[in-house]
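> Supplied in structure tokens, the structure appears directly below.
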Amino acid sequence: MACLNVCKEQGYGTEERTQKKQHICTLDGTVDWNGHPAIRGTTGSWVAGILILVNQGLATLAFFGVGVNLVLFLTRVLGQDNAEAANNVSKWTGTVYIFSLLGAFLSDSYWGRFKTCAIFQLIFVLGLASLSLCSYLFLLKPRGCGDKETRCGGHSGFHMAFFYISIYLTALGNGGYQPNIATFGADQFDEEDPKEGLSKVAFFSYFYLALNLGSLFSNTILGYFEDEGMWTLGFWASAGSAFLALVLFLCGTPRYRHFKPSGNPLSRCCQVIISASRKWKVEIMPAVEDNLYEEAAKESSKNGARKILHTEGFKFLDRAAYMTEKELYHLEKDDGVRNPWRLCTVTQVEEVKCILRLLPIWLCTILYSVVFTQMASLFVEQGAAMKTNIASFHIPPASMSSFDILSVAAFIFIYRRVLDPLFARLKNNSNPKGLTELQRMGIGLVIAILAMVSAGVVEYFRLKYSRKDCGSNCESPSSLSIFWQVPQYILIGASEVFMYVGQLEFFNGQTPDGLKSFGSALCMTSISLGNYVSSLLVTIVMKFSTRDDMPGWIPGNLNKGHLDRFYFLLAALTTADLLVYFLCAKWYKYTTFEERNEEDTNNNIANRHAELKV
């Protein structure tokens, strides 16, 4: 059945059907808001994609309006020392990304990506509004406290509980929203169409660019006001930005394309493991692929999901799809009805294999996130201990991350317009892509090592020009200008373009169709665990470096510590991680999906339309 006939059945007029370009259905199985097959000319594409990019920019502005200066809020308003504040920021940021797993699970299993994004964005707005009220009513006492000179008074247990509930409600909202908005944006492009397929690849770069540009305002304007003690203004601006992002997102509702949720992925994985375990004594015949069970195309392609071709490796799991004589008998007797806890499909088994293959790569990205998270904590504290004045103008230490954002914007352009075409020509093949995602992630690790070496060298010279008699509240602890931090921020930004953009493309492309949000969540959870590992490293380093004559590498007064040694330690650990990553990347085998054909896709569209009529 031709796609145009499906459109005709839905009730489109004769005049509209003549506009063939507008009325061609997508081939990837997406549906519109009403559950009808999505029309390529009136749904999705860059109209929806740009709306999602703007939404991401505003939401990121809101998130970093809190996150970028949180370490200073904890020290100046709540009175925590540097190490404690850095650990609390790492734990909070880590929790943000842990919640991404919850959002991905609800999206892939039950709610779908649109509903999940809308609900968690609402929670995000409520968390920011609560934080703004808490700061104004309870924490910023006396009025005007929280700047560099005036410390705030003590706070009751209720005030602290209100504050932590607010910031973790913000963490829940942003964490549940983030992995789904990236995947939902990619859903707006039909990868079966050559032009839209290229746009889908480009979307991830522009998505990460929108994320960074959204934080530019937070790191400069909002960062300046918050550094001057106007915390309530900064938090209310964040809440307003998040609210505007939610409104714009909902305005695009009629335009979006949707994939229906595929059911609980945990149960599918458990079925494979249990089924394989039950057959661990079964002797598998040599021609194993001839005896593996797979559903018919029209059954397996529900919700646009593609079948995954059988691969070697993890052969024990193949037993889950292996048809014994007993199971063949029951299939014939019950007219093809099977017990999923005893017999699984090849695609189901390959889903589990896919996740197992991704895990080593994912684990290797965690240490990179340890490096990345230093921008929100130790880089800020390092900058605060440098010369931050140009004449009479004070430069907020957190605003230095603007150089990271500008670096991301520049390197996205350089990579897409210069490096990628160059590497494609050097490879001399028909593939328009130059470097693979795994190669780009490796380059990101190399640049991250250089960033830590740069930060360590800057800290070494900062200490050399420091004032030894300067206390923790000294106006200028070192005569070294804060602008010496620029190279480390630029290097971090360049590494993000290779690591995080490559990571988004890699996990989204390699995860099965029913686990796309989970793939994006893997990127977020690597950042989450990176923050937890960073917190653990700081604790261990402080424990082993503290002596009677030395307060540790990262004391309250950095002039009495050795932060440079911590940076060099991170460079050494990242180097070791790079070697492990190289071995894992060589071992990795790419997932191969069965290609969709137009007949199967149109049959699938017709079947869904028939279900809607019923």
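Placed from the backbone N, Cα and C atoms, the Cβ positions cover glycine too.
Whatever TrEMBL says is automated annotation, not expert-curated.
These came from TrEMBL, pasted as-is:
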| type | residues | note |
| --- | --- | --- |
| TRANSMEM | 46-74 | transmembrane segment |
| TRANSMEM | 95-112 | transmembrane segment |
| TRANSMEM | 118-139 | transmembrane segment |
| TRANSMEM | 203-225 | transmembrane segment |
| TRANSMEM | 231-251 | transmembrane segment |
| TRANSMEM | 358-380 | transmembrane segment |
| TRANSMEM | 400-419 | transmembrane segment |
| TRANSMEM | 440-462 | transmembrane segment |
| TRANSMEM | 482-501 | transmembrane segment |
| TRANSMEM | 522-546 | transmembrane segment |
| TRANSMEM | 566-588 | transmembrane segment |
> Using a Cβ-Cβ cut-off of under 8 Å, list the residues of the same chain that are 6+ residues beyond the ends of the transmembrane segment (482-501) and lie near it.
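Non-local partners: 204-205, 208, 212, 365, 368, 371-372, 375, 379, 382-383, 386-388, 395, 397, 400-401, 403-408, 410-412, 415, 440-441, 443-445, 447-448, 450-452, 454-455, 458, 461-462, 523.
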> Are the transmembrane segment (358-380) and the transmembrane segment (522-546) close enough that 3 or more Cβ pairs fall under 8 Å, when only pairs 6 or more apart in sequence count?
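Touching, yes - the transmembrane segment (522-546) and the transmembrane segment (358-380) meet the threshold of 3 or more Cβ pairs under 8 Å.
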> Counting only residues 6+ away from its ends, which parts of the chain sit with a Cβ under 8 Å from the transmembrane segment (231-251)?
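Answer is 51-52, 54-56, 58-59, 61-63, 65-66, 69, 73, 77, 117-118, 121-122, 124-125, 128-129, 131-132, 135-136, 140, 146, 218, 222, 225.
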> For the transmembrane segment (440-462) and the transmembrane segment (566-588), decide whether they are in contact, meaning at least 3 CB pairs lie under 8 A, counting pairs 6 or more apart in sequence.
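Answer yes: the transmembrane segment (440-462) meets the transmembrane segment (566-588) with 3 or more Cβ pairs below 8 Å.
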> Do the transmembrane segment (46-74) and the transmembrane segment (566-588) share at least 3 Cβ pairs under 8 Å, sequence separation 6 or more?
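Since fewer than 3 Cβ pairs under 8 Å link them, the transmembrane segment (46-74) and the transmembrane segment (566-588) do not come into contact.
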> Report the listed stretch (118-139, 400-419, 566-588) having the maximum count of Cβ pairs within less than 8 Å of the transmembrane segment (203-225).
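Ranked by Cβ pairs under 8 Å, first place goes to 400-419.
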> Apart from its near flanks, which chain residues at least 6 from the ends of the transmembrane segment (118-139) lie with a Cβ under 8 angstroms of it?
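Answer is 59, 62-63, 66, 77-78, 103, 111, 152, 155, 159, 162-163, 165-177, 180, 231-232, 235-236, 238-239, 242-243, 245-246, 249-250.
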